[in-house]
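Engineer: Got these off Swiss-Prot a minute ago, pasting:
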| type | residues | note |
| --- | --- | --- |
| ACT_SITE | 102 | active site, phosphoserine intermediate |
| BINDING | 102, 241, 243, 245 | Mg(2+) binding site |
| MOD_RES | 102 | phosphoserine |
């Protein structure tokens, strides 16, 4: 059974186009409120948002929808997605709601939900909400309508939580750190976290105007961070995305480190302290060099589908703690219930401080394999899955690469494209194999 509205990370789209319209969002909140009231007489919902101008409108629609179903609302204001997850759990709320489209431009927005435990909701819950949306609204009577209040110190509570995950015997004194907030939800919080731990902070991407979120800054545009680190002779650079659940880091030389490398560092740091790490979870896109390096240390490596939701599901199924993907979504389940860019950055800085080594030194054992990614546009109705030529070229590439590379073919979820990715120790070999497979799709 397919969901009509929910995707892999809530409901997302262009503001003013279905389903991101105020009337639909009001109906959505009303339906969610009715679902909550089936198991709880007087639920309380927390609502946080990023800095998009449309957040005001959607916040009002959510508030009205929940109140109309007899649900109380607590408004958190601009707050990172992981901050909403944390406060939902800490405040013993029934549900957390985030208004954000993450790394997308300002014209997009979305709604995602967290359970009372601070976890993303499962498919069954989403199916129940969509089924309730099909029903006629059942408005609460006047005496049962929900109320709304603000939690004025939401940001401060989350700042203290982030700092609590950093070793108390360590400090960031003496470090100059550039922090790029993507003009998003962490624009005030991120600089404060590192400043209060002792660092000299240079903030960029921390002046939102409602329209500039992720615009040339943040984790999806890391060149701004690289330039600022080099210009200010900083020790580190930290870039978040619009809702601060994603991380990219830069060292003093301007070298960019992606999520694959951060995952290896997080695992290796724990191994160096004598902790047992039976396994970790990456995705289909995680660089093979990370898998090889971790297996050499006796750490099992498992690939999930792309998306932090699927990484989390695999971690919970296996009882493991650490996972992540190259885009910068990192999970450390003994620190937080969801991916958190700030906490991930603190874990990296903690590893550097404990070892008295730089990022490059800590990652010297991992040399990422070159990757070639080719997007091939599919013809209308093209049956690529049953193409004999594609199957033959894919098999030939797999034989040629052996244990020194891999090939991944997957369809885009949003465009008529087939993505052909080849990874190998040799860049030219990766390119040649990818071209042959892509040509088979085009033929």
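Any Cβ shown, glycine's included, is placed from N, Cα and C.
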Engineer: Other than 102, 241, 243, 245 themselves, what residues in this chain have Cβ atoms within 8 Å of the centroid of the Mg(2+) site's Cβ atoms?
Structural biologist: 50, 80, 81, 100, 103, 184, 185, 219, 240, 242, 244, 246, 341
Engineer: Pop the Cα-Cα gap between residue 241 (Mg(2+) binding site) and residue 102 (active site, phosphoserine intermediate) into the table, whole Å please.
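Structural biologist: On Cα coordinates alone, these residues lie 7 Å apart.
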Engineer: Only counting partners 6 or more residues apart, tell me which same-chain residues put their Cβ under 8 Å from the Cβ of residue 245 (Mg(2+) binding site).
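Structural biologist: 80, 81, 82, 102, 308, 329, 338, 339, 340, 341 - these are the non-local Cβ neighbours of residue 245 (Mg(2+) binding site), listed in sequence order.
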Engineer: Which number gives the other C-beta atoms within 10 angstroms of the C-beta of residue 243 (Mg(2+) binding site), all protein chains shown included?
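Structural biologist: Its Cβ has 33 other Cβ atoms within 10 Å.
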Engineer: Counting Cβ neighbours within 10 Å across all chains shown, tell me which of the recorded positions 102, 241 comes out on top.
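Structural biologist: Max Cβ neighbours within 10 Å, all protein chains included: 241.
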